[in-house]
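Working notes for the structure below.
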Amino acid sequence: MALLRSIAISSNKTITLARSARSLTTATLPPLPYSYDALEPVISGEIMMLHHQKHHQTYVTNYNSALELLHTAMDKGDVSAVVGLQSAVKFNGGGHINHSIFWKNLRPVNAGGGEPPHKKLGWQIDTDFGSFNALISKMNAEGAALQGSGWVWLAFDKELKRLKVETTANQDPLVTKGATLVPLLGIDVWEHAYYLQYKNVKLEYLKNIWKIINWEYAGEVYEKEAQ
Amino acid sequence: MALRSVVSRKTLAPALRHYRSLTTFTLPDLPYDYGALEPAISGEIMRLHHQKHHQTYVTNYNKALEQLDAAVSKGDAKGVVQLQSALKFNGGGHVNHSIFWQNLKPVSEGGGEPPHGALGWAIDKDFGSLEALVKKINSEGAALQGSGWVWLALDKEQKILKVETTPNQDPLVTKGVSLVPLLGVDVWEHAYYLQYKNVRPDYLANIWNVINWKYASEVYEKESA
């Protein structure tokens, strides 16, 4: 059923501005595919609610503001303003992209969350990391060692046709680490992702999150990109 | 207070196989109780921030120092260079938090009282007013992407006050060798999330109630002499 469901990462609406011949498509907050408390006890309902309704929504709102300003600057040929807006576009656009992927990477236990990957992705993990457990260890180590805010990713390199573990800082999307990298799984290691529940113990959050990882989604993306 | 060392350390006796001694660091005590900054910053946050976060920077900095010492002794250039990230992050974390605890003071002990004397005049000269400075620090702090710090700095060379930000645990000096930190505000989420959740601007608005302008003035007067 997941195959039939659209895996577009954002729902968009298109605004046509009267005074310009170009149109602007803005972003909207995607709904979660489960209720806020459905990932307990791994991630609390309070965290999920704040993370979705406050943090992700703010990225969407601010991305749309930046897009409007960018649209205007492009209309006017204002190069300085266009360049000046890139930081806001990367941070907020990246935040929207990353969190949209993240909600799909998680799944309640009673809907299959935590079930290990099988078939092609399972074999590829064994090939590239030795074992499923070795991959988990690596992601946990990289996530724990990440300085400041950021994400740890299981990536598929479309060109080299292999899996990699990567990290990105702040809200930088995975593609900033390589144009051929496709995100299969991202784990948010910003403090807001875990602090209310796990306090400073980031490693506990990382060890527990595997119980609700949606390997089915990761497998679908992998099989689509690995053709 | 100015007499108290900002950073506490202990010196280990030199090992037999080299001629330098290694100074390691310990967590400085807070000059007030964990609950003394309420309601601006909760006791729970202060305790975790001091006993867990700052302690971890101290512990990991000491580890990195030991490893650096070994690499330097062996002439292992690659090892030395690889350690720089851990040294900057954990050493910076220790430096920054040591300053931060001095930047805060309970209301009952003068926290929040505006700066007078030379620093007060310098703020009016360089920012127009204290309100303008507070507004600028709040705005830069709110806009900081990710984790980091917002600083009131004295540029010793240009003899002017500045507002700067640094990412992660980068100390102020990474923004300019002539910059002296007078005040640092931690805007990592761990500094406020348990109390203020995602609303960083509320944390920033409230922290001025417990800012220790006396310490900032002492540093300013010493460095601008």
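From the backbone N, Cα and C atoms, a Cβ is placed for every residue, glycine too.
DSSP assigns A:D188 (Mn(2+) binding site) to a strand segment in the three-state reduction. The annotation Mn(2+) binding site is assigned in TrEMBL to A:H51, A:H99, A:D188, A:H192.
Across the domain 'Manganese/iron superoxide dismutase N-terminal' (A:28-106), DSSP classifies residues as 58 helix, 2 strand, 19 coil. According to TrEMBL, the feature domain 'Manganese/iron superoxide dismutase N-terminal' maps to A:28-106.
Residues or ranges marked as domain 'Manganese/iron superoxide dismutase C-terminal' in TrEMBL: A:118-218. Over the domain 'Manganese/iron superoxide dismutase C-terminal' (A:118-218), the average per-residue pLDDT in this prediction is 98.
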Sites among the binding-site residues A:H51, A:H99, A:D188, A:H192 close to chain B [C-beta, under 8 Å]: A:H192
Environment of A:H51, A:H99, A:D188, A:H192, the listed Mn(2+) site - residues of the same chain whose CB lies within 8 A of the CB centroid: A:H52, A:H55, A:H56, A:F102, A:W190, A:A193
Helix, strand and coil residues within the domain 'Manganese/iron superoxide dismutase C-terminal' (A:118-218) as assigned by DSSP: 51 helix, 25 strand, 25 coil
Binding-site residues listed as A:H51, A:H99, A:H192, least Cβ neighbours within 10 Å: A:H192
Nonlocal neighbours by CB distance (under 8 Å) for A:D188 (Mn(2+) binding site), same chain, sequence gap 6 or more: A:H51, A:N98, A:H99, A:F102, A:W151
